[in-house]
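Database features, via TrEMBL:
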TRANSMEM  A:6-25  transmembrane segment
TRANSMEM  A:30-52  transmembrane segment
TRANSMEM  A:64-85  transmembrane segment
TRANSMEM  A:116-142  transmembrane segment
TRANSMEM  A:154-179  transmembrane segment
TRANSMEM  A:191-208  transmembrane segment
TRANSMEM  A:214-236  transmembrane segment
Amino acid sequence: MTVAAGIGYVLLALGSSLSLFIAVISHKPFLVLILLSSTLVWLMSLIALSAVWRGFIPFKTAAWWPYALLILTSVASQEALRLLLWRLYKRMEELLDAFAGRVSKPRLVITDKMQIALAGGMGHGVAHAVFFCISLLTPAFGSATYYVEKCSRIPFFLVSAMIALAFVTIHTFSMVIAFSGYSEGNRTDQYFAPVIHLAAGMLTLINLGSGGCIIGIPLLYGMAILTLLHCGKLVWRRLTENRRQGNIY
Amino acid sequence: MEQNPRPRTVLETLGEEIIRIVTPVSICMLSVVILVSILNGDSSSAGDLPITTMATIAYKESSSDSTWDKLKGALLNSLVFVAVVTVVTFLLVLLFYLRCTKFLKYYMGFSAFLVLGFMGGEIALLLIQDFSFPVDCITSAILLFNFTVVGVLAVFMSKMAIFVTQAYLVVIGMLVAYWFTLLPEWTTWVLLVAMALYDLAAVLLPGGPLRLLVELAMSRDEDIPALVYEARPVINDSGPSGGVVRRRVWREGRGDTDENQGLSTNTRSGLSSDSTPGTHLSVGIGEHEMNLADAEEGRVTGGDSELTTPLVQHINVQMNSSENAVPSENLVLEGIGLGSSGAIKLGLGDFIFYSVLVGRAAMYDFMTVYACYLAIIAGLGVTLMLLAFYRKALPALPVSIMLGVLFYLLTRLLLEDFVVQCSMNLLMF
């Protein structure tokens, strides 16, 4: 529906990430590198999943359980990847601290670590938005639009952009929560990310039903807001604790 | 609010050089993708080059041929192209050996003129046609002429503002890359792989032309005139180093420097000191591509400037390539390396071939564009890491091209169906 609409859909899905990028990440080149590598890693996870499931899709049945299985396996493998990323991050943190020692600079402070986690999470979110939403938007720049039967009131592009926005938020901030949980050993935080991811994935199953997106998408946004609130509380708590301990951040 | 100022940790400046190279590469790729989508969007097969070029001299692909025929034809084309590039590279080495540097410089300016004037003019014409832009031919001729002349000056003179030079180099890369995307599909892909392999051979084999060239230049301690993109160096104090930024100096590489402590030991040494940067520039005439990487020490200039902490301290990637979309065209390009002030330099050939790969991916679908973009940037990063590790001349093109081609195939064959199926059912995770 013309270039303006196409750009509108892109900004809808990625607009908040763009502003976060400009405000926080673009000032520190290292975070940009983390963002790019994180996006690449999650792309590779998507390719691996598609390699596994390639033989089975499109599903011949109209039942919902193959889709549930698909989402379950995908979320499980992505969460396993998140653990692996945490290990890698620990290694990198050691290297960075050693490097900082050699060039006589202070070690990484807590805001640095959270910013790295934020960049990593944003990479995940951007990978999701780009491959699930933006790359399908090419027809939207033309002169027509497209509707899916299951959700026939809103153009398909708009629906996928809205879902992508919710997922971007969830992915970006659950990485911060997860990394903070792993470093502190806080069980709630550690389990928060996988649970929310799985719940969000399962919620999209509601979209399989006719008119399901009217219920599914608001619930998804509820998840996103929950993630945002939890992350905000966590960060606030850690920063005030840090300041109380006398550290400068 | 905070009473104490925030401490400047190592995260503030780490990785800045890499970003300063990744940004122009990304801009070049983005412009080629946009050009391709605007100009080639209407017809997929009618966008072929109307003239026979060096790369299609052996076989002209048509969509009615079988796959096997296309593959054979593409291989033949690439072989011819690589052979021509090899011959021209050896010619270049010979010219450099005979000290015809002036000739090379003039040739470089001439090819920049041709690229900007003729290729740029054609693309401008196509764009004006496409958008029905109301401009008359006298105005556009004057504008084009001015644009071209400033571009040639930017390439020639080292006194031009660095941003102008960088912008013009990116534009030259973009124009040549766009013309390369007009080649037939199979030929393009096989050509990319062939050039990556040629690069590998030319740099690593003892008789390789690029290696010879670099050794020649090193032994003479001379500059090779070539088209190279030089990133702004990472310094905080631009006093004494201001005039040195554009100097490209040859030094003997010595292996005794401390890899990680290069900065602190060399902070106070002057620019002509005994430190061990080894910059390499390679020159290409005609079609050839040279990818070299050499190690060089990063350096901090200025007295009281804060220590900058480049992530890559001993990186010197040298790449050199030139394309010949029109048989009479020749470009002289220079490789990537670390300049004497620690700035990373990147040869134009890399810009061009990366953009060709991404442009070709854009002709299929945007999903492949994103995947290939990420793969190429990852390949660039891996190459820089390898250079920091091995500290010798390494080809920089192969890793990115191979990763790019791999991701293109994986995305096209596997990912696309999966994602489309999931998205159509509004299932996401």
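Glycine is treated like the rest: Cβ placed from N, Cα and C.
Counting C-beta pairs under 8 angstroms (sequence separation of 6 or more), the transmembrane segment (A:154-179) fails to reach the transmembrane segment (A:30-52), with fewer than 3 such pairs.
Only pairs six or more apart in sequence are counted, and the transmembrane segment (A:6-25) with the transmembrane segment (A:191-208) gives fewer than three Cβ pairs under 8 Å, not enough to call it a contact. A contact links the transmembrane segment (A:64-85) to the transmembrane segment (A:191-208), because at least 3 Cβ pairs that are 6 or more residues apart lie under 8 A. Note on the transmembrane segment (A:214-236): residues 114, 151, 153, 159, 162-163, 165-167, 169-170, 173-174, 176-177, 180, 189, 192, 196, 199-200, 203-204, 206-207 of its chain, located 6 or more positions outside it, place their CB under 8 angstroms from a CB of the stretch. With a threshold of 8 Å between CB atoms, the same-chain residues lying at least 6 positions outside the transmembrane segment (A:30-52) that come near it are 21, 24, 73-74, 77-78, 81, 85, 115-116, 118-124, 126-128, 130-131.
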